[in-house]
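Take a look at the structure set out below.
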């Protein structure tokens, strides 16, 4: 991890601008500090980047004007796209219901579980018959307050709440209520967010962090205060208001305190909110117009020609850039501004990378940091095997991505898993073995690498779209085997 990004060795920091969280057994810290997102910094500091930004806005305006012209010329086109849009957002009410229940699972189940465990530790500490405070503090640091039975119960309770209250509830409601594409995708994204946030909260707050000086004061005042009253005033216990703020902040690493801006800048809120709406509209229009061209799959010959491949690659490029802008820039900045969350380090310059490992680290810093702290580090420290830890991170990411793609589509076709967990791993080990430092070829390497990303995304969009329409236009017979139901339908349906 890079020292000036989010994690570094322990050292002096400015408490007014930085909040620190130490990673046990590594001597490293996570630093939350006042900083803008990279694109915001570039727009503020470079007139050339602002000019490029203005050109992009001009292109968007031309695209929207041309779209309006198409609607005036072909009213049926507007009707088809509008009906598809309404079909996608028809389940918004069910999505809100699922979101609220998952939120309440964390607030009403995870939080009391952690708080109860905090109280058990505090009661053990205060009522312990050990008179030697040094000995008592040593026992506390070695977690003598908790036996294996209690630890087992704690982790089982946490796992059951996470599985049934978040994972099972969300996936079950999506299937039972038959929620459409956009609603299913949004619900699964929120499910992933709640699972990661609740895990970080559980790991960070299940154990009290009491220093020796504080222990002396607690022992001295135990006769003057009731145990519940003194526990409630304890600074290191899980606090409800901190959890609520954390649940709505654009970070997956729990901390009791984060750097905050002085005020909400409403002009920025409106700016990022408007950008989010326009970018989502463009994403819908571009995706629909490419996917709709494949609606005759299995009925008409597949248009495998240069013009089709050209449109496919342009569509993949546009969707890739729009998804980055929507999810990693505008939405996170929008929520951060509303929450006055000052650390907006959501991504790095992944567009300059030439290697897959650097791309994964820079593309989504929020998720990458969570994977590093809660999957990579525990496995690496336990087995002392960096390759195993890297593979575990990729495997977990690939499985969650595949779930988010396949469940809304209602079929199993692990294309994303193959690209993510197989091909990317092969490329990772190849680049690791051929780790050259020829700076003169970096431009070409970057072009080739970014092109491969665009091609991979375009192929995934194409294959998922073909499978979607193949299952509509080429339905299976009623008496079909499991193999036939799981096999990709487009292989038998597509005509050339």
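Using the three backbone atoms N, Cα and C, a Cβ is placed for every residue, glycine included.
Heads up, TrEMBL stuff is auto-annotated, nobody curated it.
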Expected hit for transmembrane segment in TrEMBL across 249-268, 269-288 is 269-288
The residue range that TrEMBL labels transmembrane segment, out of 134-151, 152-169, 206-223, 224-241, is 152-169
Which stretch does TrEMBL mark as transmembrane segment, out of 344-362, 363-381? 363-381
Which range of 27-46, 447-466 is transmembrane segment, per TrEMBL: 447-466
Close approaches to the transmembrane segment (175-196) from elsewhere in its chain (Cβ under 8 angstroms; 6 or more beyond its ends): 87-92, 94-95, 98-99, 102-103, 105-106, 162, 166-167, 252, 367, 370, 374, 400, 403-404, 407-409
What else in the chain is close to the transmembrane segment (152-169), if you only count residues 6 or more beyond its ends and a Cβ gap under 8 Å? 98, 101-102, 105-106, 109-110, 113, 117, 146, 191, 194-195, 198-199, 202, 206
Tell me the Cβ contacts of residue 401 (active site) under 8 Å, same chain only and six or more apart in sequence, or just say none. 416, 417, 420
Mind checking which residues of the chain, 6+ beyond the ends of the transmembrane segment (411-431), have their Cβ under 8 Å from one of its Cβ atoms? 355-357, 390-391, 394-395, 397-399, 401-402, 405, 456, 459-460, 463-464, 467-468, 471, 486, 488-489
